[in-house]
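In what follows, a structure is listed as structure tokens, so that the remarks can point back to it.
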Amino acid sequence: MLMSLTLSLQAEDGRARAATLHTAHGDVPTPTFMPVGTAATVKAMMMDSVRATGAGIVLGNTYHLMLRPGADRVAALGGLHRFMDWPGPILTDSGGFQVMSLSSLRKLDKDGVTFQSHIDGSRHRLTPESSIGIQHKLDATITMAFDECTKFPATHEEAASSMELSMRWAARCRDAFVPRDGYGLFGIVQGSVYNDLRTQSVTALGDDFHGYAVGGLAVGEGQEAMFATLDHTLPLLPRGKPRYLMGVGTPDDILGAVMRGVDMFDCVMPTRAGRTARAYTSQGVMNMRNARYADDGRPIDPACDCPACTRHSRAYLHHLFRAGEMLGPMLLTWHNLNYYQSLMRGLRSAIMEGRLEQHAVTLRAAWAAGDREKQDG
């Protein structure tokens, strides 16, 4: 069995879990949301600001970092933590999802993938071994196995072939991974929306990865199918290992997944929305470009303690986006990340206190009601 990175379960409420992930770069309370720092930066945020939201772990991307600035350069400069000024844990995506999405620019074979850079057209190759090697050079706290993200929709035969390839690659990743105290390697469960393939994938991975991701979801299958796949897959995974749902998602997606037993999440949604004037709030989603906010002196979310909400009005954010000022995306990105972290803290507290079902009802009712005062007024 591989050594080190561990999860301490503290409470369970139904299938939901509150735990602490222990790593070489610090402890992370779960459930946790990981802001996405694809190119060694969380877009529109200083890393001190990311820390101020309550984030305990961030995500980097192997594909983007290997192309620019390069893994060797990052390693020579002290590793990704020093390079991007983030002392806490970093999880790196293996690069598989990005490479597979290149379609016409890549060629897949049983040993790996040859692809052209989207930046300059240069040719590169990723294999399970080279992906692990790059992630080691980056000094990732959590390394992800290199896999093929199954397309959606896929026939059962296509999904089976893709899953089997990913399982062979996972075994090679496990062999290539160099264990260190407080570092870990996560396997990725594949199989699309087919329960029998998900079962086969879990069996093939075995129980000696440090954690397990559920991949191949949030790719167009819809929430009902995603939750059904989680309902089948999560109980098959080792109880004492962290469970990571990749690329998810909306607050309601996260709530439903936490209630099913997921511990870790990442998604570009809060940062991307922040750059396009969409605010996630305790009252649902607001578009700050909407004319209804032009004279609205209230904070975006009265329950939020971020700078956008404690220092500025909805009218000011509306003005910034209408004027094309860069401060608008900066403030709203901070707000969205702050809201996501607040959501995770609330879910953790509810699990610890055995009131998650009640908390979920309250959250969903508030999201559905929206900004009632303005609507009624």
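From the backbone N, Cα and C atoms, a Cβ is placed for every residue, glycine too.
For Asp93, Ser94, Gly95, Gly96, Phe97, Asp147, Gln190, Gly216, the entry in Swiss-Prot reads substrate binding site. Feature annotation from Swiss-Prot assigns active site, proton acceptor to Asp93; the stated evidence is sequence analysis. Taken from Swiss-Prot, the feature region 'RNA binding' applies to 247-253, 271-275. Under the heading active site, nucleophile, Swiss-Prot lists Asp266, citing sequence analysis as support. The Zn(2+) binding site feature in Swiss-Prot is assigned to Cys304, Cys306, Cys309, His335; the stated evidence is sequence analysis.
Under the three-state DSSP scheme, His335 (Zn(2+) binding site) falls in the helix class.
A Cα-Cα distance of 10 Å separates Asp93 (substrate binding site) from the residue listed as 'active site, nucleophile'. Reported as a whole number, the C-alpha separation between Gly96 (substrate binding site) and Cys306 (Zn(2+) binding site) equals 35 Å. Geometry remark: Gly216 (substrate binding site) versus Asp266 (active site, nucleophile), CA distance 14 Å. A helical conformation is recorded for Gly96 (substrate binding site) in the three-state DSSP classification.
Comparing the recorded positions Asp93, Asp147, Asp266 on other C-beta atoms within 10 angstroms of each C-beta gives the minimum for Asp266. Take the Cα of Gln190 (substrate binding site) and measure to each of the recorded positions Asp266, Cys304, Cys306, Cys309, His335: the nearest one is Asp266.
Across the structure, Phe97 (substrate binding site) and the residue listed as 'active site, nucleophile' place their CA atoms 14 angstrom apart. DSSP labels the residues of the region 'RNA binding' (247-253) in these numbers: 3 helix, 1 strand, 3 coil. Within the set of binding-site residues (Ser94, Gly95, Gly96, Phe97, Gln190), the lowest number of other Cβ atoms found within 10 Å of a Cβ is recorded at Phe97. Comparing Cα positions, His335 (Zn(2+) binding site) lies closest to Asp266 out of the recorded positions Ser94, Asp147, Asp266. Here the C-alpha separation of Ser94 (substrate binding site) and Cys304 (Zn(2+) binding site) works out to 34 Å. Residue annotation for substrate gives Asp93, Ser94, Gly95, Gly96, Phe97, Asp147, Gln190, Gly216. The furthest Cα pair among them is separated by 16 Å.
Counting only residues at least six positions away in the same chain, the Cβ atoms of Thr281, Ser282, Thr310, His335, Asn338, Tyr339, Ser342 sit under 8 Å from the Cβ of Cys304 (Zn(2+) binding site).
Apart from Cys304, Cys306, Cys309, His335, the Zn(2+) site neighbourhood in this chain, defined by C-beta within 8 angstroms of the site C-beta centre, holds Pro299, Ile300, Asp301, Asp305, Pro307, Ala308, Thr310, Trp334, Asn338, Tyr339.
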